[in-house]
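Trainee: Below you'll find the structure I mean.
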């Protein structure tokens, strides 16, 4: 299995280094649910600004303030503790009376707004995230500048970030131990983290191998393609390759790679043979996913950061802004720009 740091680059390995997250204010994330609160219902959506707190900690504190069980507070995604983040929490509080959430106090947190909502906010139920990053101590401004220009056109590999695999790869190691021993895992969180790490690692491997072998945006017979921004896919046939290639070049269609699991992967013929060969050595992880009935799925191989802009504060400091759809990783953008240094080279998002 290829280590995250050794995954193939789309724009070649960066020539310089830089510091990511010298302080929390250098990594700002604003959650975009893609919808507004209903204004009525038994749930309350609460938009929180936080710094130095992880999502679960804040959710538990909110539950305590509202005198409800912790399971009655949900969120769409985890946000990094060592960053400045805006996100929505959802608390089930039936009744007509609206609690005064302006009185909720927690160090490092501030309630920005809240309103009634009809439905529970479920994990993954967000449109995306807006990022504002500051890279400091950049050793090669010209290289970073050119890479930013190239990313606007060609995007970056849509790798799952190193944080998906746990500190020191602990989640992936847990999945491997589980696969090798077949010992039942009762802890639901561990099961989820380990299976997610296994499938993500296999996806990364397929994308890395495709980047090595050929133009990642070159459609081959049997590729599974999806409309940009959509989850469903269809299979490319030889007769359609020229037209499909035009639509891929126009960013109307995205070539996908497998998220391996049980059932058919989605590709056929040449593309399927390539994907199977790319992860042929990882028989234990593949068997684990099938055994645990994790359904195979697809994910776009490339990621195009939207609304990408940047501003050099000086020759060694650059502020970068962009928006990513849910499930994508800002660190997968940063790794195409600089070789990161510091304690926060790999961080949660």
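Just so you know, the numbers here start at 1 and follow the chain as drawn.
Every residue gets a Cβ built from N, Cα and C, even glycine.
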Trainee: What does Swiss-Prot list, out of 54, 129, 249, as binding the same substrate as 27, 329?
Mentor: 129
Trainee: If you measure residue 329 (substrate binding site) to residue 80 (active site, nucleophile) at Cα, how many Å is it?
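Mentor: Rounded to the nearest whole number, the Cα-Cα distance is 12 Å.
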Trainee: Would you report the average pLDDT that the model assigns to the domain 'TRUD' (155-303)?
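Mentor: In the predicted model, the domain 'TRUD' (155-303) has a mean pLDDT of 93.
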Trainee: Do you know offhand how many angstrom separate residue 129 (substrate binding site) and residue 80 (active site, nucleophile) by C-alpha?
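Mentor: Cα of residue 129 (substrate binding site) to Cα of residue 80 (active site, nucleophile) measures 12 Å after rounding.
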Trainee: I'm trying to understand the geometry here, so how far is the Cα atom of residue 80 (active site, nucleophile) from the Cα atom of residue 27 (substrate binding site), in Å to the nearest whole number?
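Mentor: Cα-Cα, rounded: 9 Å.
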